[in-house]
Amino acid sequence: MTNDHDYFTLENKIFQNKDLLQVSHLPDSDRIIGREEELTNLANAIQPAITGNTPNNVLVYGKTGTGKSLCSKFITNQAISRAAGNDVQVGVAYVDCLQESTETQAVQSIGHQLNDQNDTDISIPHAGLSTSEYYRRLWQIIDARFDAALVILDEVDKIESDDILMQLSRAVESGKLSSSTIGTIGISNKVRYKESLDERIKSSLCEREYVFPPYDATQIREILHSRSDAFEDDVLEDGVIPRVAALSAREHGDARKAIDILRFAGEIAEENGLEAVTGSCVEQAHEREETNRLAELISKSPSHAKLVLEAMALLAQQPDRNNDVVQTTEVFDLYKRLCDRDESSHLKLRRVRDILSELEFLSIIEQERKWAGKGKGNYMENQLVDDPEVILAACEKSN
Ligand SMILES: Nc1ncnc2c1ncn2[C@@H]1O[C@H](COP(=O)(O)OP(=O)(O)OP(=O)(O)O)[C@@H](O)[C@H]1O
């Protein structure tokens, strides 16, 4: 007997092309909204590369989701094709410095992306070479294959050693490259990043600097509208896009957050077998986005940060509290009990204080120093930015 029941339901009434809502999706130029000036500036800075000359090194700043990575990838791709029209070979490498945070990993990744072993006969093994050997091979590859290479260093502030910035920005003048040239585009969310750099690196890495401002609600709406063909016709209820735009513009205009909320809203409609994406899907999607974002932040924080947050959330949930402000010593006491529960040894109070200030830096909590009265000194009040339930769900998810 044959079992011809079809277990796959291919019918998908909500999404038509969900890929348009993935963060990795690179839209065409006509779908890049409100970044005309930024794209023009970037193009001017790297313009020399398309004739095989040395481009300016650029540093791009701006808050998350303001299109820094998108515009940098887009403009460097355009540089490749414009240069090809002049018979000039431009190569582009993209490094996510959060993932590839050591100097060796980053150089290796650049080498890997720019290489074609059939062409160069040079190999870039995953391990086993010294950092200087990886550099040597990288320079050889660039000289063999390109007139100019452009290297995008995303989240450049996460790189563990500034030496790579020095090597890349000085490769031409120090004679490492003999026939080619190289330019870098560093991207950072930290406005103070430049201040932390060595003077010599600063002057070569930051020949041009651009700040990407946050989007306003109208621009976010346009960004979402331009991707609404991710959905089947007529499944988005009228108020959905304005509501998502309003939610994302409330903190700062973060296009990544807006696109994530819209995608989650569609998934929630799909999971519930709805025929349309409704306002209530958006509310649930907003919560899911917050949980995911926090879970990601928490998973990147030191492991005890999660226990400290869990302690704060449990304290804030206590029924006899009239507000959710908690003192550091209370957090510390409950944190120690959670460590006992998990059979792990606890950190000292001083380290827990450090963790709390790191969490404040990440905008997961707010802190305020209070004066306890004469002879008693100061104490710190801590408060979660999000609801305790969202924090607990995020802690659970980041496991
Ligand atoms: N102007 C825009 N038009 C269309 N889509 C955009 C625009 N700006 C950003 N996006 C989309 O929003 C998402 C986030 O953008 P992007 O990754 O470029 O931001 P970012 O500033 O680099 O943020 P982060 O610092 O978090 O990496 C991407 O999916 C991107 O395609």
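Please read every residue number as a count from 1 along the shown chain.
Even glycines carry a Cβ here, placed using N, Cα and C.
If you check TrEMBL, you get these features:
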type	residues	note
DOMAIN	54-216	domain 'AAA+ ATPase'
BINDING	Thr66, Gly67, Lys68, Ser69, Leu70, Tyr215, Arg227	ATP binding site
DOMAIN	309-395	domain 'Cdc6 C-terminal'
Next item on the list: Tell me the Cβ neighbour count for Tyr215 (ATP binding site), meaning other Cβ atoms within 10 Å of its Cβ, over all protein chains shown.
Entry: 26
Checklist line | Per-state residue totals over the domain 'Cdc6 C-terminal' (309-395) - DSSP helix, strand, coil | finding: 44 helix, 16 strand, 27 coil
Checklist line | Densest Cβ neighbourhood among Lys68, Arg227 (binding-site residues), 10 Å radius | finding: Lys68
Notebook entry, point to check: When DSSP states are folded down to helix, strand and coil, where does Lys68 (ATP binding site) land?
Noted result: helix
Item checked: Intrachain C-beta neighbours of Ser69 (ATP binding site), sequence separation six or more, cut-off 8 angstroms -> Ile152, Asp154, Ile187
Item checked: Which same-chain residues, if any, lie at least 6 apart from Thr66 (ATP binding site) yet have Cβ under 8 Å of it -> Phe212, Pro213, Pro214, Tyr215, Gly253, Asp254, Ala255
